[in-house]
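First up is the structure itself, then whatever we jot down about it.
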Amino acid sequence: MKETTSFSQKLKQFVLLFFPIFVTQMSLFAMSFFDTTMSGHASPTDLSGVAIGTSIWIPVSTGLTGILMATTPIVAQLVGSKKKEDVPHVVIQAVYLAICASFVVILIGFFVVSPILNGMRLEEPVERIAAQFLSIIAIGIIPLFTYTVLRGFIDALGKTRTTMIITLLSLPINVILNYLLIFGNFGFPKLGGVGAAIASTATYWCILIITVIIIQTKEPFASFNIFKQLYRPSLSSWIAFLKLGVPIGFAIFFETSIFAAVTLMMSNFSTTTIAAHQAAMNFASLLYMTPLSLAMAMTIAVGFEVGAKRYDNAKQYGLIGIGLALAFALLYSILLYFFDDQIASIYTTDAKVHHLAKEFLIFAILFQISDAIATPVQGALRGYKDVNVALIMTLIAYWIIGLPLGYILATYTEWAAKGYWIGLIIGLAFGAAFLLIRLFQVQRKYTTQNSR
């Protein structure tokens, strides 16, 4: 990142920041995408098992990686305020925290996964695949969380192209292992959905190893000497980190877990409905990578400018991010409307699943505008380190408005499973409105401070 003086310079720098993040997020998502689509071509049962397992795993992983994402605004503001010497201590403490969080998640999962799956009254093969999927994914938690911290450090320096290269190097490993283990090609065992979990776990370890090597050997990362000194764990540093990270993580958790909760509630419907819902939701999540990437770029850009006390510049980056998100939302809405048949065909060859997935995809169109506002706005707020109010707003919008409304519509109206999608759409709309109002308040506060 560097200081800019004109809107066109900011737009260029933001796009150069955003594009590698977008490629990185698409590559990471591609692992889940290939897990889902390739499992679906193995059988509807494998697809449903992976869907249930993913619906339990994703909210946990995204919530905790969200906490660790606090690395990005902290380092960005340190770099913006010329305090480079403080960066290694922050990163190492975050790594310690990531490892501790990994062990806590594994321990809790050991006790709660089986009761959760048993209580869902799933078909036996689906429950078995989901349980095995989660057991294997647990082996990849430590590298995934540690990588999240190191990626936050790399991105905060504005070197998002580096994380793009790392994930592009790792993605083929995931795809090849999926091909070998899901379908049993070239003499490997045919493991179905379980093979997808093994492939993802192996890829997480590869990503971590590549990242550590780059930080140790390549500039500008090597000059920070991140691993030169293993600082003692600092409780005060952890608390300061968590004060920022926990609201970020829980805000992300509230948003992602509502989608997972809906998928789990779908267990009351048929395997066909679960599979169709997962296919449509998976593609909607693919499109979500764009506003998510814009949000990450906004956190870096806004954090850098706030650290340098250039608050008008920070505000302009917010406008750029939201404007780009709305443009992409329009494009994706057109894509969903005209190519729903082709999109559904990516996920399944089963006629019933295909037909129902097309109906769910139409609802996904209405996600686009809300995501285009809410997600980038949260990214900007993180750059300002304003995260507590956003946490409350997402809780209200998604869990107090969206999910209960979806349950009522699905249970007591003829909408059935589609009622959950309507509830999600309304919850996301409220969330977008709440968060946008908060961003305006924060920007006004900083602009007023700057004018004094």
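Backbone N, Cα and C define each Cβ position, glycine as well.
Swiss-Prot has this to say about the protein:
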- 13-34: transmembrane segment (TRANSMEM)
- 49-71: transmembrane segment (TRANSMEM)
- 92-114: transmembrane segment (TRANSMEM)
- 129-151: transmembrane segment (TRANSMEM)
- 164-183: transmembrane segment (TRANSMEM)
- 193-215: transmembrane segment (TRANSMEM)
- 240-262: transmembrane segment (TRANSMEM)
- 282-304: transmembrane segment (TRANSMEM)
- 317-339: transmembrane segment (TRANSMEM)
- 359-381: transmembrane segment (TRANSMEM)
- 388-410: transmembrane segment (TRANSMEM)
- 420-442: transmembrane segment (TRANSMEM)
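Tertiary proximity for the transmembrane segment (317-339) is limited to same-chain residues at least six positions away from its ends with a CB under 8 Å from its CB atoms, namely 10-11, 14, 18, 287, 290-291, 294-295, 297-298, 301-302, 305, 361-362, 364-365, 368-369, 371-373, 375-377, 379-380, 383, 439, 443. Within the chain, the transmembrane segment (49-71) has long-range Cβ neighbours (under 8 A, six or more residues past its boundaries) at 32, 35-36, 39, 90-91, 94, 97-98, 101, 105, 109, 113, 116-117, 120, 122, 125-131, 133-134, 137, 141, 144-145, 148-149, 152-153, 156, 192-193, 196-197, 241-242, 244-246, 248-253, 256-257, 259-260, 263-264, 267, 274-275, 277-278, 299, 382. Between the transmembrane segment (359-381) and the transmembrane segment (420-442) there are 3 or more Cβ pairs closer than 8 Å, counting only residues 6 or more apart in sequence, so the two stretches are in contact. Within its own chain, the transmembrane segment (129-151) is flanked in space by residues 45-46, 48-50, 52-54, 56-57, 61, 64-65, 68-69, 71, 91, 94-95, 97-99, 101-103, 105-106, 109, 113-114, 117, 122, 163, 166, 192-194, 196-198, 200-205, 207-208, 211-212, 215, which lie at least six positions past its ends and keep a Cβ under 8 Å from the stretch. Contact between the transmembrane segment (13-34) and the transmembrane segment (420-442) is not supported, since fewer than 3 Cβ pairs fall under 8 Å when only residues 6 or more apart in sequence are counted. Tertiary proximity for the transmembrane segment (282-304) is limited to same-chain residues at least six positions away from its ends with a CB under 8 Å from its CB atoms, namely 1, 10, 13-14, 17-18, 21-22, 24-26, 29, 32-33, 36-37, 69, 72-73, 76-77, 79-80, 155-156, 158, 160, 259, 314, 317-318, 321, 324-325, 328-329, 332, 336, 343, 346-347, 361, 364, 367-368, 371-372, 374-380, 382-385.
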